[in-house]
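S.K.: For ASN681, ARG728, THR853, the entry in Swiss-Prot reads 17beta-hydroxy-5alpha-androstan-3-one binding site. The phosphoserine feature in Swiss-Prot is assigned to SER65, SER79, SER626 (among others). Per Swiss-Prot, phosphotyrosine is recorded for TYR208, TYR252, TYR292, TYR342, TYR347, TYR348, TYR510, TYR527, TYR891 (among others), and the stated evidence type is similarity to another entry. The annotation region 'Interaction with LPXN' is assigned in Swiss-Prot to 527-894 on the grounds of similarity to another entry. As annotated by Swiss-Prot, region 'Interaction with HIPK3' applies to 547-637. Per Swiss-Prot, site 'Interaction with coactivator LXXL and FXXFY motifs' is recorded for LYS696, and the stated evidence type is similarity to another entry. If you look up Swiss-Prot, you'll see 535-555, 571-595 marked as zinc finger.
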Amino acid sequence: MEVQLGLGRVYPRPPSKTYRGAFQNLFQSVREVIQNPGPRHPEAASAAPPGASLQQQQQQQQETSPRQQQQQQQGEDGSPQAHRRGPTGYLVLDEEQQPSQPQSAPECHPERGCVPEPGAAVAAGKGLPQQLPAPPDEDDSAAPSTLSLLGPTFPGLSSCSTDLKDILSEASTMQLLQQQQQEAVSEGSSSGRAREASGAPTSSKDNYLGGTSTISDSAKELCKAVSVSMGLGVEALEHLSPGEQLRGDCMYAPVLGVPPAVRPTPCAPLAECKGSLLDDSAGKSTEDTAEYSPFKGGYTKGLEGESLGCSGSAAAGSSGTLELPSTLSLYKSGALDEAAAYQSRDYYNFPLALAGPPPPPPPPHPHARIKLENPLDYGSAWAAAAAQCRYGDLASLHGAGAAGPGSGSPSAAASSSWHTLFTAEEGQLYGPCGGGGGGGGGGGGGAGEAGAVAPYGYTRPPQGLAGQEGDFTAPDVWYPGGMVSRVPYPSPTCVKSEMGPWMDSYSGPYGDMRLETARDHVLPIDYYFPPQKTCLICGDEASGCHYGALTCGSCKVFFKRAAEGKQKYLCASRNDCTIDKFRRKNCPSCRLRKCYEAGMTLGARKLKKLGNLKLQEEGEASSTTSPTEETAQKLTVSHIEGYECQPIFLNVLEAIEPGVVCAGHDNNQPDSFAALLSSLNELGERQLVHVVKWAKALPGFRNLHVDDQMAVIQYSWMGLMVFAMGWRSFTNVNSRMLYFAPDLVFNEYRMHKSRMYSQCVRMRHLSQEFGWLQITPQEFLCMKALLLFSIIPVDGLKNQKFFDELRMNYIKELDRIIACKRKNPTSCSRRFYQLTKLLDSVQPIARELHQFTFDLLIKSHMVSVDFPEMMAEIISVQVPKILSGKVKPIYFHTQ
């Protein structure tokens, strides 16, 4: 789509007419004067005025036909052309005399079936005859664009400088430009004949600039004035010499229409590229180009407007004249490659006055025309990354598709760096894209059948991901999301071709490869990333498995001394010190606790020795021992293992037990229902965080499925908090009050004030049971761990079998703790019965509290009780499952 810059906004190109401003001719003429100072003769042939319509050009050609022939004859004879007086709407400048060649009648293309007039060419992508620029006479309204400082849309600027300022100012309107254009068409022929009859040889340039001696200086001053009025910088025009070459990205840069003597060198291959594009496009039929006309037409037509006669194109090469572009040079084509362009300067952010009213909305098939501010220097990383872009295509960035959507020959593809960001799927948004032989958007002409072979060794197949080896960039640049960045193949720059069969079932051009959906097809993560051997305590490099955990030598020695010694370590902080390689010696208490959490035990080495001894003895005495002796030996070993494992398990439970958590309640404020319940909710939020950490540190808990871990914690958190609060009340206040936290203790008054007196009474009774049964700390720790595995969904967990085994192991540990201090089996059974009954009594209390908290959450906005986010989520999602019977506790005894 060709976008024209308007005053303060951007207008799209109308479907039938292109509005072009006069600043192109202004800047072009000023540029030529700056680069070629001194008196020159006007050029013999030039382009028709860009603002004139097709009918006006035909009428002007018919009126001036005799004089054009006379001019051509004079050019053939070699007679010098004198200065002619141009129309009042032009400011004629002296230029270098160019020999004019006779214009040959163009031959009509046999496939087009049209008979164009002399000077007419077929517009690319449309098949419509377009008037070629004809050499005008001195009295023609369409003065040569190379001799004019302003186009025909400004007919009165040569006689009055005030009009120039008015039109160039932002206050000028499009209506004034249209009126002046109509006046120029009507008055051009009569004024030209009058000047020819009078024989006045003087040019309006002399009247305006004051003589030929000051042409260069006046042009520079005028150019500076125009730049200042339009908000442009004028530093680019300072210290310009005749042979100085301007930069290609500047608006005053010389283009292909400039004579070869002053044309910059980088533009020579560009002219050949554009000329080859015109040669290929001129030979194609209308039917071939109709498919991708919205893309090809905008690009090729713009090249025809520039009249690239220097490369021998079919459209403009027959005349043999150098003609200036009629489009704005600010719209840089995709083939430009300027290495010396300023990357930080922007010459495009300024308003341009357009000759015409604001055009209508864009047509359904706009011409694709991309304005690029920087050179097209995209490396291989961009070409590779474009594979993921919804508009990108690797085949269209390089290789056969590099010549542009309208290119149909390999030569054009090789000489151009055109690329497109439009794919065939976006036809409804950006115009119909080429398909088949013509092929737009990455399927260019000659390589459309066999597929474009890019320098990267990759061609995009019709379906899925092709496994073609070649010079790819780094795989982590273009791999789809969810795929690991390292590949286990010999060459890191190739794609595994075996991926194709199982990737066809996924959606998307490359397959929706995610670890969740393709877990069965992707190797384990340890295959790509070898496990790091680091110490589980401090993170230093581990030296081996010591005392049941992978640790370094320093932590190994520390644990041996700390566990065997009788010294008690206390943390000066809150039992949450950071233990790493540099700070592991700061807090021995937290370091020892972390050792227990990692599973380090002094009995691990003894158990290993006992196990090896057991296997050795069984192997030696397998043939000599009797069944009775063998059974007794197994019982002895199991009895030793039981006594050895008992302190290990208790040491772990003691090390991971959470500390005291405060509720943050303000006891200076009067007690109220909202304040007490809000403090309880805040305390529950803080304790829930500690419960999660404690549960993850329990032996065997991490072996559960992740979903089972979350479910077990979310269902049992209320019972765990009630059981722990009862123990704190028993140890701190002898079960006379409810010791929720050091700053939140409930007495009788607060129990009534909180409107949960019945629940508080039952919790106080539970706390008193600890005293009546004389529960030991070891029994409490084991019972609390067993309480975590005492409530599950009715439908079961995802790994119910492992959950049952883990629960049974904790029951056995509780039985071992009971049997540790009691030698009488009868007393052990009685004690086990008492402790399990106490565990069963926790479940009804937890259910009542679930119902209370759920009702409170529903009407919390009415009673002004605050619920933390995590508490509100668990109560609203998980508690209804318990209340509805979908989740039930596991009882030891029949209720």
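Here the Cβ of each residue, glycine as well, is placed from N, Cα and C on the backbone.
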S.K.: For TYR891 (phosphotyrosine) and THR853 (17beta-hydroxy-5alpha-androstan-3-one binding site), determine the Cα separation and express it in whole Å.
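M.R.: Each residue's Cα considered, TYR891 (phosphotyrosine) and THR853 (17beta-hydroxy-5alpha-androstan-3-one binding site) end up 23 Å apart.
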S.K.: How many other Cβ atoms sit within 10 Å of the Cβ of ARG728 (17beta-hydroxy-5alpha-androstan-3-one binding site)?
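M.R.: The answer is 18 other Cβ atoms.
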S.K.: Applying a 10 Å Cβ distance cut-off over all chains shown, what neighbour count does LYS696 (site 'Interaction with coactivator LXXL and FXXFY motifs') have?
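M.R.: For LYS696 (site 'Interaction with coactivator LXXL and FXXFY motifs'), the count of other Cβ atoms within 10 Å is 13.
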S.K.: So if I measure Cβ to Cβ from THR853 (17beta-hydroxy-5alpha-androstan-3-one binding site) and keep only same-chain residues at least 6 apart in sequence, which ones fall under 8 Å?
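M.R.: Spatial neighbours, sequence-distant, of THR853 (17beta-hydroxy-5alpha-androstan-3-one binding site): MET718, ILE875, VAL879.
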S.K.: Tally the residues of the zinc finger (571-595) by DSSP class, grouping H, G and I as helix, E and B as strand, and everything else as coil.
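M.R.: Here the numbers are 8 helix, 0 strand, 17 coil.
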S.K.: Minimum Cβ neighbour count within 10 Å among the recorded positions ASN681, TYR891: which residue?
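M.R.: TYR891, out of the recorded positions ASN681, TYR891, has the fewest neighbouring Cβ atoms within 10 Å.
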S.K.: Compute the average pLDDT of the predicted model within the region 'Interaction with HIPK3' (547-637).
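M.R.: Averaging the confidence scores along the region 'Interaction with HIPK3' (547-637) gives 72.
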S.K.: Going by DSSP, is ASN681 (17beta-hydroxy-5alpha-androstan-3-one binding site) part of a helix, a strand, or coil?
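M.R.: The residue in question, ASN681 (17beta-hydroxy-5alpha-androstan-3-one binding site), is helix (DSSP, three-state).
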S.K.: Calculate the distance in Å between the alpha carbons (Cα) of ARG728 (17beta-hydroxy-5alpha-androstan-3-one binding site) and LYS696 (site 'Interaction with coactivator LXXL and FXXFY motifs'), and round it to a whole number.
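M.R.: Counting only the Cα atoms, the answer is 22 Å.
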S.K.: Which whole-number value in Å describes the distance between the Cα atoms of ASN681 (17beta-hydroxy-5alpha-androstan-3-one binding site) and LYS696 (site 'Interaction with coactivator LXXL and FXXFY motifs')?
M.R.: 23
S.K.: Would you work out the biggest C-alpha to C-alpha distance among ASN681, ARG728, THR853, the residues that bind 17beta-hydroxy-5alpha-androstan-3-one according to the record, and give it in angstrom as a whole number?
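M.R.: Taking every pair of listed residues, the largest Cα separation comes to 22 Å.
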